[in-house]
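As annotated by TrEMBL, transmembrane segment applies to B:12-34, B:46-67, B:94-112, B:148-165, B:172-192, B:198-218, B:264-281, B:316-339, B:351-374, B:386-403.
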Amino acid sequence: MSDGEILRVERLSMRFGGIRALHDVSLGVKCHSITALIGPNGAGKTTLFNCLTGFYRASGGRILFEARGRSTDVLQVLGGPFRAGDFLSPRRFASRLWYKLFGGTHLVNRAGLARTFQNIRLFREMSVLENLLVAQHLWVERGLLAGILNTRGFRRAEEQALEHAFYWLEAVDLVDCANRLAGELSYGQQRRLEIARAMCTRPQLLCLDEPAAGLNPAETAALSRIIRTLRDAHEVTVLLIEHDMGLVMGISDHILVLDHGELIAEGPPAAIRHDPKVIAAYLGADEEELA
Amino acid sequence: MAEPSLDIRQPLLDSLLAGLIALVVFGPIVGVVLDGYSFHLESSRVAWIVGAVMLGRFLLSLFLHSAGGRGWLQRLEGGGAGVQVLPPEHRSHLRWLLPLVLLAAVVFPFFAGKYLLTVVILGLIYVLLGLGLNIVVGLAGLLDLGYVAFYAIGAYGLALGYEYLGLGFWSVLPLAALMAALAGALLGFPVLRMHGDYLAIVTLGFGEIIRLVLNNWLSFTGGPNGMSVPAPTFLGLEFGRRARDGGVPFHEFFGIAYNPNLKFLFIYVVLLLTVLLVLYVKGRLVRMPIGRAWEALREDEIACRAMGLNHVLVKLSAFMLGASTAGLAGVFFASYQGFVNPTSFTFFESALILAIVVLGGMGSTLGVVLAAFMLTVAPELLRSFADYRVLLFGMLMVLMMIWRPRGLIRISRRGFARRPGVAP
Ligand SMILES: Nc1ncnc2c1ncn2[C@@H]1O[C@H](COP(=O)(O)OP(=O)(O)OP(=O)(O)O)[C@@H](O)[C@H]1O
Ligand SMILES: [Mg+2]
C-alpha cells in the first residue's frame with residue numbers, strides 16, 4: 001500500500017451469476033480526503049460499497065484497509081472458503097477457521113470503517129438516542145454482572161456514551177429530536193441521524209451512499225457543511241456516492257467514475273468535469289463515437 | 001360535517017339495517033316454534049329481540065357519532081398503533097401499585113386454600129416462561145416455536161438428576177438453568193444464521209425431537225409413564241408428615257402444626273422470589289447494551305452488522321438467556337407436580353407461551369405478566385368452559401390481532417434528559 005492511503009482496492013471483481021457488476025476495479029483512497037464515487041444508475045457503485053464494507057464477498061481481488069494502527073484484509077475477516085494451502089499450515093488453518101466461525105461484516109466496522117445505506121436503515125422503533133447508543137456498543141460496559149448490579153463503572157460508561165451521543169446530535173442538529181422515535185423523523189433528519197450513528201462507531205473511514213438523495217437545496221447545503229466538518233474537525237476520511245453534481249464538485253478532493261462495473265476515470269473535480277469519457281458515460285454515448 | 005350538532009340520520013339508518021339483519025337471523029330461529037308436526041308463530045318474541053337489537057345499535061351509533069364517542073374510538077384505535085418514547089422526567093404510575101401487589105402476594109397464601117395456591121403457582125410458572133420467551137421473541141425478534149423443549153430440559157433435569165445422581169431441588173435449580181442455556185447454545189449456533197421462517201421451523205423440530213426422545217427412551221426416562229420427582233426441601237428439612245430415614249420434618253423442627261399445604265407454600269415462596277428476580281433482571285437487561293443490541297437486531301439486522309455487532313453472538317445470548325429462564329420454570333413445574341411425563345411438553349404448550357408473549361405485547365414486561373395470568377388462571381377458574389378453552393383462545397387471538405395487533409400494553413421507551421454534548 002502506498003503511503004498516505006487508508007484504503008487500497010486491487011483488481012476487485014464481483015459477479016452475480018451472469019451479471020458482471022464489478023470488473024477489475026483498482027483504486028486508492030487518501031487519508032483525510034473527501035473522495036466521491038460517481039457514475040450512472042446501475043454502474044455498480046453500491047455494489048462496490050457493499051464489497052468494501054463486507055456485505056458482499058467479492059469474487060476476486062483484494063481490499064486492504066489501514067486504520068486504527070493496523071491493516072485489515074476485508075476478504076480475510078469475512079471468512080472465505082478453505083484453500084488447499086490452509087491444510088498444510090496449521091496457523092493458516094486456525095485463522096481461517098476462526099474467521100469462518102466468528103468473522104463477518106462486523107469485523108470490518110470494528111476495523112474502523114462505517115457506512116450509511118442508500119435506502120435508510122435506522123432502528124425505526126427505537127428512540128433517536130438509543131440508535132446512537134447501539135452504535136457505541138463496543139465502547140460501553142458490556143459485562144452482564146456490571147449491568148445487572150448497576151455498578152459505578154457501568155453508570156459512568158453509560159453516561160459517557162450519552163454525552164457522546166448528544167455531541168453527535170448537536171453536530172447534525174438533531175438535539176430536539178433526541179427522545180423521538182427514529183422512524184418518525186422526516187427524511188432529511190433520518191439521513192443526518194444515519195450519519196451521526198455511523199460516526200458514533202468512531203470510524204476513520206466513513207462511506208456515505210447517496211447522502212443527499214431526497215434532500216432539498218437548503219438541506220443539501222447543510223449536509224455539505226457537515227461532511228466538511230467531519231473531515232476537518234474529526235479527521236475522518238469520507239468516501240461518498242452521490243448523483244448531485246453540485247455537491248460532488250463542491251466538496252470532493254478526488255473523484256472516481258464508475259461505469260458498467262469498470263473504473264473509467266479518476267482525478268480532481270476540474271479534470272473530471274471536462275473528461276470526454278465521463279461526459280459520454282453520462283450522456284449514454286456509444287463506444288464508437290468516443291473512439 | 002359543517003355543523004357540530006348531532007347528525008341523527010346515520011344512527012337511524014344503522015339501526016334499521018341492524019334490525020333487518022336481526023329479523024332475518026332470529027325470525028326463523030325464535031319466531032317459528034315447532035309443535036308436533038305443525039308449528040305456530042311467536043311474533044312477539046321476535047319483535048322484542050329485534051327491538052332490543054335496533055335500540056342497542058341506535059344508541060351505539062349515536063354514541064360513536066358524538067364527540068366523546070369519536071375521541072374514545074380514536075384512542076382505542078390509536079392506542080395499539082405503536083411505540084411511544086416517554087419524557088425523561090416521566091415516573092410511572094405503577095410505582096404506587098407495585099408495593100400493593102407485593103403485599104397482596106405476601107398475604108395471599110394465608111387466605112388461599114390448596115387449590116387456589118396451586119393455580120397461582122401455575123400462573124407464576126407461566127409468567128416465568130413468558131418472560132423468558134419475551135426475550136427471544138419480543139426483544140430479539142427470533143420466532144422460537146420449540147421453546148417448550150427448554151422447559152422440558154429443566155423439568156426432566158430434576159427428575160433424572162434425582163433418579164441417577166441423587167440431586168435435589170436446590171442443586172438442580174441453577175444446573176437446570178445452565179443446562180437449558182447450553183442446549184440453547186448448541187441448537188442456536190448452527191441455526192441462528194438463518195432468518196425468520198427457517199428458524200421457526202428448526203426450533204419447532206427441536207421441540208418435537210426433545211419430546212419424542214423423552215417419550216421413546218424407555219430405559220432412561222421412563223417413556224410415557226413419566227418419572228417421579230422428589231419433593232423440595234428447606235435446608236434439608238422435608239415437608240411431609242414424616243421425614244424419611246429418621247430425619248426431622250419441617251413442622252416438627254419449627255414446632256408448628258403439620259400443614260399439608262406446606263410443600264406448595266414453599267414452592268410458592270421460592271417461585272415468587274425467582275419471578276421477582278427475573279423481573280428485576282429483565283428490567284435491567286433492556287437498559288443494558290445487550291438489551292439494546294437485541295432490539296436493534298429485531299429492527300434491522302443489516303444495520304446492526306454495519307454497527308460492528310456480531311449478530312450471531314447477540315442472537316445467541318438472547319436464545320441462551322431465554323432458554324435458561326425456561327429451565328428454571330421447568331424445575332418449579334416438576335416439583336409442583338411431583339411427577340413429569342412427556343405430555344406436559346407438547347407443541348400446544350409452546351403455542352400457549354407464544355400466545356402469552358403476543359397477547360402481552362412484544363417486549364412489554366407488564367403485558368406478559370398480565371397475559372400469563374389471563375391465559376392460565378382464567379381457564380382454571382372457568383372450569384365449566386374447559387371444553388371450549390382452545391376455541392376461546394383462538395377467538396381471543398383473532399380479536400387481538402384486529403384490535404390490538406401490538407399487544408395489550410402499549411410499549412413505551414425510556415427518554416433521556418439532555419446532556420451537554422462533550423467532544424470525544
Ligand atoms: N444482490 C444482487 N443480486 C444480483 N444483481 C445485483 C445485486 N446487487 C446489484 N446487482 C446488479 O449490479 C448492478 C449494479 O448495481 P448497483 O446497485 O451497484 O448500482 P448503483 O451504481 O448503486 O446504481 P444507483 O445509482 O441506481 O444506486 C446492477 O445491474 C444490479 O442489477
Ligand atoms: Mg446505489
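Glycine residues also receive a Cβ, built from the backbone N, Cα and C atoms like all the rest.
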Cβ-based contact of the transmembrane segment (B:316-339) with the transmembrane segment (B:264-281), 3 or more pairs under 8 Å: yes
Same-chain residues near the transmembrane segment (B:198-218), Cβ under 8 Å, at least 6 residues beyond its ends: 142-149, 152-153, 156, 187, 191-192, 224, 342, 345-347, 350
Stretch in B:12-34, B:46-67, B:148-165, B:264-281, B:351-374 most in contact with the transmembrane segment (B:94-112), if contact is a CB pair under 8 A: B:264-281
For the transmembrane segment (B:351-374), sequence-distant contacts whose Cβ falls under 8 Å of one of its Cβ atoms, 6 or more beyond its ends: 94, 123, 126-127, 129-131, 133-134, 137-139, 145, 147-148, 279, 282-283, 286, 295, 393, 396-397, 400, 404, 406-411
Sequence-remote partners of the transmembrane segment (B:12-34) [C-beta within less than 8 Å, at least six residues beyond its ends]: 40-43, 45-46, 49-51, 53-58, 60-61
